[in-house]
Amino acid sequence: MTKIYNLAILPGDGIGPELLQKDLNFKVLKEQYKLKINTTEYDIGGIAIDKYGKALPKETLDGCKESDSILFGSVGGPKWQHLPPDQQPERAALLPIRKYFNLFSNLRPAKLYSTLNHLSPLRRDISEKGFDILCVRELTGGIYFGKPKGYIKNIIDKKAFDTEIYYASEIKRIAHIGFKLAQNRKYKITSVDKANVLESSVLWRETVNTISKEYPDVKLSHLYIDHAAMQIIKNPDKFDVILTSNLFGDILSDECAMITGSIGMLPSASLNDSNFGLYEPAGGSAPDIAGKNIANPIAQILSIAMLVRYTMKLPMISDHIESAVIDTLKKGYRTLDIANDKEKYVSTNDIGDIISDILKKRI
């Protein structure tokens, strides 16, 4: 019997709705690849605050529970920045979903395409070497979720505090993910910590070293976070899989994204043990360009490719989607964010249609 995939679609705010409108609409996957896909749309983020008074309504969470995975757009914008931090869309919508579904593994690929080499802020002699980095970030532990935390204002010298806590079991499970991914790439993994200062990083390094013995074919190296940040700028081509904690991964994955030249090209997947995932573009809601039909949908489309690879377990189809994106770029099609002064750019809708047409021809 053909598997039926039920997907929760969460467009959110800003450019999210228009990008998910051009997400191939799953039409190609349904018609050309004969996949059985049901999609249901739910409100999240600022638009949900306006309608329901909260960023993550019960109806949305219940819908996600009934789904095989989530395709997410973006949340947030100036309209809701006056709210207390724990009620703002970015924090009140995403963090509870990550915690509820135990989405402990965040995968953020950062690839510099040869056709877009000129966009990288790196020196030309560095960018010309290219790079293809996969950041594997532990997503549900560490300082973002550690207790106690607080902000004490009713004293002369105000103070605030957060707690970085990791259990060995949390480190083990993300380490296994990282090593297995490295086995499907270049058999090389770099673990990033601050073991010269932080006790949590001492445990991190000890645990990763222990897990590495189960993967003798993968070469493991360690870097401190400050040195890793420097080396990503200096020698990005030397990296393959980067394995790191929640806080450090938050920083390094954005650094890797920006040296590609456009965050609008980069997808993201957050997964649990059962292949349930939240798939989203790495960029934000970009309210300044929302509704103008100029946003880059490629990150959203590549997020679908990740969904097909990791939840549906159909790597060949995922490869086809990624190849269609590469061919589109080789043919010279660009959205505004990746076009230079001499190139004519196409709209959000147009580039989505072009990628779909190329994908159809691959079958």
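Note that Cβ sites are derived from N, Cα and C of the backbone, with glycine treated the same way.
Binding of substrate is attributed by Swiss-Prot to ARG98, ARG108, ASP226, and within the candidate set ARG137, ARG173, ARG185 the record adds ARG137 to that site. ALA286 (NAD(+) binding site) falls outside any helix or strand according to DSSP and counts as coil. Note on ALA286 (NAD(+) binding site): other Cβ atoms within 10 Å of its Cβ, all shown chains, come to 23. Listed in sequence order, the binding-site residues near LYS194 (site 'Important for catalysis') (C-alpha within 10 Å of its C-alpha) are ASP226, out of GLN81, PRO89, ARG137, ASP226, ASP254. Between the alpha carbons (Cα) of ARG137 (substrate binding site) and ASP250 (Mg(2+) binding site) lies a span of roughly 7 Å. Other Cβ atoms within 10 Å of the Cβ of ASP250 (Mg(2+) binding site), summed over all protein chains shown, number 18. In the three-state DSSP scheme, PRO89 (NAD(+) binding site) is classed as helix. Pairwise Cα distances among ARG98, ARG108, ARG137, ASP226, which the record gives as the binders of substrate, peak at 27 Å.
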